[in-house]
Amino acid sequence: MILSLRCEICTAGMVHFLSFFISVSFREAESFKEQGNAYYIKKDYSEAFSYYTKAIDMCPKNASYYGNRAATLMMLSRHREALEDSQQAVRLDDTFMKGHLREGKCHLSLGNAMAASRCFHRVLELEPDNSQAQQEVKNADSVLEYEKMAELGFEKHDFRMVVFCMDRALESASACHRFKVLKAECLAMLGRYPEAQSVASDILRMDATNGDALYVRGLCLYYEDCIDKAVQFFVQALRMAPDHEKARLACRNAKALKAKKEDGNKAFKDGNYDAAYELYSEALTIDPNNIKTNAKLFCNRGTVGSKLKKIDQAIEDCTKAVKLDETYIKAYLRRAQCYMDKEEYDEAVRDYEKVYQTEKTKEHKHLLKNAQLELKKSKRKDYYKVLGVDKNATEDEIKKAYRKRALMHHPGNRHSSASAEVQKEEEKKFKEVGEAFTVLSDPKKKSRYDSGHDMEDDTGNMGDFDANNIFKAFFGGGGGQGYSFEANQSSGPGNFFFQFG
């Protein structure tokens with residue numbers, strides 16, 4: 001009886017002590033919460049976080065403390081931790097409306113729109129007229145819709161559409177690394193490498209082990225033709241995420257592309273142009289999306305093509321190179337040289353002008369002036385073509401060519417029985433042959449002609465010279481050559497009379 005009474009007294013005392021202790025702890029926890037609220041209002045979120053944590057330590061079963069700390073963590077952009085606190089809050093009190101609302105916001109910020117929508121609908125079950133929850137449901141639905149559009153756009157390679165959708169989705173899901181990585185990948189596919197690098201770097205600053213972000217960094221370097229550095233990032237991404245198929249494929253393509261390109265370069269240096277052409281062609285099939293590397297490969301193949309005298313193919317390859325990379329000076333220079341080789345000087349001048357506008361060097365200025373000179377020369381009569389000789393023909397070769405062409409076109413011999421129209425045409429050609437010989441047989445005139453001077457602008461007026469006198473002087477009138485040559489008023493067009501002796 002006495003023992004039982006003592007036990008009851010001890011139990012009552014213990015209960016009283018525990019009640020007192022809990023009361024004191026709660027008051028202290030409330031004090032910490034109030035201090036946390038004060039710092040939260042001042043936007044000193046780090047201090048607010050500290051005091052809310054102290055409150056939780058004093059009363060770990062209080063849902064509102066977790067809710068307050070979750071709000072603070074959200075302001076500190078620590079959304080995953082905020083999500084954990086929000087979930088703990090609603091586990092402690094399923095009717096805690098603010099807890100469900102914050103959990104939904106955290107899910108949405110992290111890009112889980114479906115989970116967010118469930119939380120917001122739970123809020124509406126507790127408070128049907130909650131306007132904030134109603135708006136957040138719409139936001140979650142919009143994010144889901146943008147996700148679907150982006151997925152479809154990616155399948156169709158409509159990368160601009162994907163970037164647009166991700167920008168819109170990130171307005172609500174600002175902490176979603178998945179959306180950011182997809183945007184960065186599409187920016188890389190669009191050739192907007194600095195923007196893609198910036199997005200990926202932001203993610204890596206927050207999460208250095210993010211395999212997707214490492215892959216995008218490598219992708220940008222790969223597409224900028226920094227293949228060795230790109231491979232390092234792909235390998236690092238695979239260490240963090242061994243099943244990352246995109247990183248695995250990109251790594252394989254990068255290594256294959258580098259090997260083929262280097263083999264092509266070696267074959268070219270060794271003078272094995274056919275092999276080099278095939279190797280560059282094989283390299284071009286590896287990854288059509290690698291614009292910068294493929295531009296270089298097309299230009300390299302164009303260089304090989306010009307060595308193989310496939311000038312049209314070389315021009316086509318250089319054109320493909322500049323379509324891929326409009327800033328690729330080397331491709332413009334190679335194409336311009338091909339146009340020069342084809343004597344298509346208008347096209348060559350256009351390319352050299354483009355180069356000189358971009359890089360105003362002495363060499364580029366010289367190339368442009370030379371092309372402009374050749375263009376000017378091409379618009380005059382081509383005396384070398386008239387005589388059928390090369391531009392480096394010797395004096396003897398020029399004389400032999402004149403002898404042959406003069407006899408071929410002399411209107412009074414071979415063409416004496418031809419129609420008046422044919423004789424007139426041959427007379428014209430005969431005059432051009434004489435005109436060409438007059439210029440190219442005279443060292444001073446030839447030098448002026450070769451320098452681009454238009455001989456018809458000379459005061460002597462090339463159009464008025466007498467081709468018959470040149471012919472007489474060359475063949476010696478009739479002496480020793482078996483020819484006689486004289487004017488005859490009745491001999492038809494040109495007034496020539498020519499016969500063999």
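Including glycine, each Cβ sits where the backbone N, Cα and C put it.
Curation plays no part in TrEMBL annotations; they are all automatic predictions.
Within the domain 'J' (382-453), the DSSP-based counts of helix, strand and coil residues read 49 helix, 0 strand, 23 coil. The domain 'J' annotation in TrEMBL covers 382-453.
Residues 68-69, 71-73, 75-76, 92 of the same chain lie 6+ residues outside the repeat 'TPR' (29-62) yet bring a C-beta within less than 8 angstroms of a C-beta in it. Among the features that TrEMBL reports, repeat 'TPR' is placed at 29-62 (among others).
Positions annotated as repeat 'TPR' by TrEMBL: 97-130 (among others). Tertiary neighbourhood of the repeat 'TPR' (97-130): same-chain residues 63-64, 66-67, 70-71, 74, 79-80, 82-83, 86-87, 89-90, 136-137, 139-141, 143-144, 147, 169, 172-179, selected by CB-CB distance under 8 Å and a gap of 6+ residues from either end.
Feature annotation from TrEMBL assigns repeat 'TPR' to 211-244 (among others). With helix defined as DSSP H, G or I and strand as E or B, the repeat 'TPR' (211-244) counts 27 helix, 0 strand, 7 coil.
If you look up TrEMBL, you'll see 257-290 (among others) marked as repeat 'TPR'. Outside the repeat 'TPR' (257-290), and at least 6 residues removed from its termini, the chain residues within Cβ reach (under 8 Å) are 189, 222-223, 225, 227-228, 296-298, 300-301, 303-305, 307-308.
Under DSSP, residues within the repeat 'TPR' (295-328) fall into helix, strand and coil as 27 helix, 0 strand, 7 coil. The repeat 'TPR' annotation in TrEMBL covers 295-328 (among others).
Per-residue confidence over the repeat 'TPR' (329-362) averages 96 (mean pLDDT, predicted model). The repeat 'TPR' annotation in TrEMBL covers 329-362 (among others).
Within the chain, the repeat 'TPR' (211-244) has long-range Cβ neighbours (under 8 A, six or more residues past its boundaries) at 177-178, 181, 184-185, 188, 191, 193, 196-197, 199-201, 203-204, 250-251, 253-255, 257-258, 289-293, 296. For the repeat 'TPR' (257-290), the DSSP counts in helix, strand and coil order read 24 helix, 0 strand, 10 coil. In terms of DSSP secondary structure, the repeat 'TPR' (97-130) contains 27 helix, 0 strand, 7 coil. Residues of the repeat 'TPR' (29-62) grouped by DSSP class, helix first, strand second and coil last, total 27 helix, 0 strand, 7 coil.
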